[in-house]
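Engineer: Input: one structure, supplied below.
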Amino acid sequence: MRFTLIEAVALTAVSLASADELAYSPPYYPSPWANGQGDWAQAYQRAVDIVSQMTLAEKVNLTTGTGWELELCVGQTGGVPRLGVPGMCLQDSPLGVRDSDYNSAFPSGMNVAATWDKNLAYLRGKAMGQEFSDKGADIQLGPAAGPLGRSPDGGRNWEGFSPDPALSGVLFAETIKGIQDAGVVATAKHYIAYEQEHFRQAPEAQGYGFNISESGSANLDDKTMHELYLWPFADAIRAGAGAVMCSYNQINNSYGCQNSYTLNKLLKAELGFQGFVMSDWAAHHAGVSGALAGLDMSMPGDVDYDSGTSYWGTNLTVSVLNGTVPQWRVDDMAVRIMAAYYKVGRDRLWTPPNFSSWTRDEYGYKYYYVSEGPYEKVNHYVNVQRNHSELIRRIGADSTVLLKNDGALPLTGKERLVALIGEDAGSNPYGANGCSDRGCDNGTLAMGWGSGTANFPYLVTPEQAISNEVLKNKNGVFTATDNWAIDQIEALAKTASVSLVFVNADSGEGYINVDGNLGDRRNLTLWRNGDNVIKAAASNCNNTIVIIHSVGPVLVNEWYDNPNVTAILWGGLPGQESGNSLADVLYGRVNPGAKSPFTWGKTREAYQDYLVTEPNNGNGAPQEDFVEGVFIDYRGFDKRNETPIYEFGYGLSYTTFNYSNLEVQVLSAPAYEPASGETEAAPTFGEVGNASNYLYPDGLQKITKFIYPWLNSTDLEASSGDASYGQDSSDYLPEGATDGSAQPILPAGGGPGGNPRLYDELIRVSVTIKNTGKVAGDEVPQLYVSLGGPNEPKIVLRQFERITLQPSEETKWSTTLTRRDLANWNVEKQDWEITSYPKMVFVGSSSRKLPLRASLPTVH
């Protein structure tokens, strides 16, 4: 019997499993067509108006990248010059403009999560959007909430926010709003259940010596999908995200970019997504089935990098002409792309790209990879940084988590001799950008590695910033940055008034192997002898302060409770202003108010939720079974009664706060009604015509390997170049896939983000918070809910806010709980419902420090 998405999955195959034993993703067709619901109406109508004037080839040109390394951006679509529609520039990354110059390198998404600050998330998004816009990029390939962070050693966790879906969802949405308010389309990625680097792409894994033929499959049940991994994407869609990027992995043994259940049903029918779905680069595996399953844009356009062949382009034109892909589906692709373009106002701000992703030379061939086209200026060296360094410094400081403080901080500036110890204090000897895509761990760590990076315009190291502080006060500072020079470290620490020890742990994307870490971390220990560096300093200095730059939690149990370790700070991946933002906290200019966005366990085993790092299904797709369900991070620790070292939401301050006066009030709200009715029939725009209308234009000078939408012959088989052309469509067209008739509206659907009634506010919760210390500071009240039920987490985060209070100041913090906040996913009804189990609310400063609690009244 095959497992479906609606059933719990618990496979432990060690050899090739039969198809009937593998997790199974049920089909869902046809692909829903956009209709302009929510606040998309105006953009949708403009898109319909322009697409109605396009030929089939022009529509196809919007959907297909022109090929890897050919034009200036990492992804580029064709345009419709006749109608004034330019080709669109798509560019990484979630923390700044990748492969460019004179751009900012922002703190990671994980650092934004550590701020717990919605406004900073928005401001960072807007600042990034401004830089993308100024560089001529139309679509930012970010932000990310996939990976969510199921496993603490997942390689790309730092690109996202937090393993908590509510914290991730709010900051994901605010980032998207900021990017799009700057006139750039934001891309919510990687959709969905993309939680490890191992086996994400079969060719990549084969390059590492793994004998597999298909990408790994994330296997999870329907409740886990909705309550955990889909949750932040619902927030993104409700926030108006223009694009969603489907992921490399399979979900229940169906590829992410042709999975009709996750794309057609969950994203488009249930969440009401009105924008377009693009493939991750080379995650497009089939032409017709991808189109019918809900893919709208193929990136970077070619089947294999620089191959000159494409599943779409000419082949998508052929597929419409021969009837295997209905006209309405391609019309819908084009409308979705143009609606996103218009929704953010890109047409008013459009400027051509003024940089090349492939060279820093000022001049080069227009079509880089094939050295064809005019030899022209490709890099204009436009400085787009504005005053964003100030925001970056602020986020860096506001995301620095104070984990321990035995009165050592803040520093006074009167310390006579400051020792700066550890490689992480200093510079990469090759330069801040000396390793391609930051694929090394040399010097201080300010971002992970992979496509989710950006070039630093500069990098202020801790050594530089702290030395400036010490010298300003006319005291002494000495540095030891060789992590294996233990004797010298011990000697320096002996002489110091305070030893600041810098350690790190890195990770990134799977195409880069750093010290045997294939993207994912091999373990949670500190890198480059970090534990021994700390112990050497602490054994010789009774005022040792540890600063951790890492991509997630690390194991600190060897030294965290050493009395000579007087303070511990986690700085995450703070970006270009790393040293300055840290100095602001160390010297008390900024009172730390950050909270850990993940749990710090005593051992790797405490987390469970293991990565699959060896094939477990013969040479078939490795099976990644999410048997823990919704119990990841603090939820799993709570379930297993596992005591962490530092819990989720934990963080100290230079002041103290008191919580009191919890009040709960029921609000008036409409009753919940499942969505019902039917959609309109699929619209079509314009006439298709016949093959003779789509031959290559006379006089066109074709560029080698460039992906075009036209035909080289009216013989469709000859034009397709597909060896299996002519196969009976009944062999591969799923039932209902080409049906453009009216379709039922799902109960959980009805608007962007799902049923609008889910967002009704049902309960108001208020507490009084007082600063009981002597200095001003920020506090983050956190509201958790117990949903009741025998198989539910003990508590789940639902609301939070970062607030600033002066000494002795108190404030009343109020927030609301929506129907969605109190609901569970009902697998049988395929809808959200508030169960009859008793519910409670908890408020406090971390997931394990919740002094206020109350029973919640019954609501529906």
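From the backbone N, Cα and C atoms, a Cβ is placed for every residue, glycine too.
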Engineer: From Asn211, Asn641, pick the one Swiss-Prot annotates as N-linked glycosylation site?
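Structural biologist: Checked Swiss-Prot: the N-linked glycosylation site annotation sits on Asn211.
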Engineer: Quick check: of the glycosylation sites listed here (Asn354, Asn542, Asn658, Asn712), which one has the Cα closest to that of Asn252 (N-linked glycosylation site)?
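Structural biologist: Checked the glycosylation sites Asn354, Asn542, Asn658, Asn712; minimum Cα distance to Asn252 (N-linked glycosylation site) goes to Asn712.
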Engineer: Which one is it, among the recorded positions Asn211, Asp280, Asn315, Asn322, Asn523, that lies nearest to Asn354 (N-linked glycosylation site) by Cα separation?
Structural biologist: Asp280
Engineer: Who sits close to Asn712 (N-linked glycosylation site): which same-chain residues at least 6 apart have their Cβ under 8 Å from its Cβ?
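Structural biologist: Correct list: Thr314, Leu695, Tyr696, Ala718, Ser719.
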Engineer: When secondary structure is assigned with DSSP, how many helix, strand and coil residues does the region 'Disordered' (719-753) contain?
Structural biologist: 5 helix, 1 strand, 29 coil
Engineer: Have a look at the recorded positions Asn211, Asp280, Asn322, Asn690 and say which one has the shortest Cα distance to Asn315 (N-linked glycosylation site).
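Structural biologist: Result: the closest of the recorded positions to Asn315 (N-linked glycosylation site) is Asn322.
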Engineer: Out of the glycosylation sites listed (Asn61, Asn211, Asn322, Asn523, Asn542, Asn690), which are within 10 Å of Asn564 (N-linked glycosylation site), Cα to Cα?
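Structural biologist: Final answer, ordered: Asn542.
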Engineer: Which Cβ among the glycosylation sites (Asn252, Asn542) has the fewest C-beta neighbours inside 10 Å?
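Structural biologist: Lowest Cβ count within 10 Å among the glycosylation sites (Asn252, Asn542) is Asn542.
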Engineer: Long-range same-chain neighbours of Asn523 (N-linked glycosylation site), Cβ under 8 Å, sequence gap at least 6?
Structural biologist: Asp153, Leu555, Arg604
Engineer: If you count, for each of the glycosylation sites Asn61, Asn322, Asn564, Asn658, Asn690, the other Cβ atoms lying within 10 Å of its Cβ, which residue has the minimum?
Structural biologist: Asn690
Engineer: Reduce the DSSP letter at Asn61 (N-linked glycosylation site) to three states and note it down.
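Structural biologist: DSSP assigns Asn61 (N-linked glycosylation site) to helix.
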